[in-house]
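Enquirer: I'd like to ask some things about the structure below.
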């Protein structure tokens, strides 16, 4: 087994275990699940903390991108924002849903200098950046404030679903709608160039995430 394969197996196992059981999972359980030795793990990573950070970084792009709407979603910025909450509404009822992995890890990690905290914050900031981008395109007066409110609503709805062990029944979507209404993002204003193919693409959105 080469180094790349060992690293991939370790991070795949870590991402799965940490999301399902928390970042407190021990090194022995982690290496057993990955089918690698402890020695191999420590040759690749200086500490378990570094494994946690790398595992979060591994799942981050896919988790955030899974929330994004398609390029051709009708309705403009408002519908693009609400799409994120509709996706959350759908996945929250799945048995394997354990909330936002970045929030979950941050709650468990107490040390302010833990490397995984910076990774988690980076991906949460990218979700906020997506909301801010859409709010700006939609002409909102204070896009930064709306973006923060939407991220807080997303995280709160995710946590509620985990704590209560059930779906959101559209409450997250309705809370987001209320925020958009209050901010004045009530219409179907299209993103610039959306009909000519010159507007922001999904690839550009993924750069935000």
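In case you wondered, yes, glycine gets a Cβ from its N, Cα and C as well.
All TrEMBL annotations are machine predictions without curation.
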Enquirer: Suppose you had to name the range TrEMBL annotates as DNA-binding region; which of 6-25, 26-45 would you pick?
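Expert: Here TrEMBL associates DNA-binding region with the stretch 26-45.
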Enquirer: Give me the mean pLDDT over the DNA-binding region (26-45), rounded to a whole number.
Expert: 95
Enquirer: Six or more residues out from either end of the DNA-binding region (26-45), which same-chain residues have a Cβ under 8 Å from its Cβ atoms?
Expert: 1, 3, 6-7, 9-10, 12-14, 16-17, 51, 54
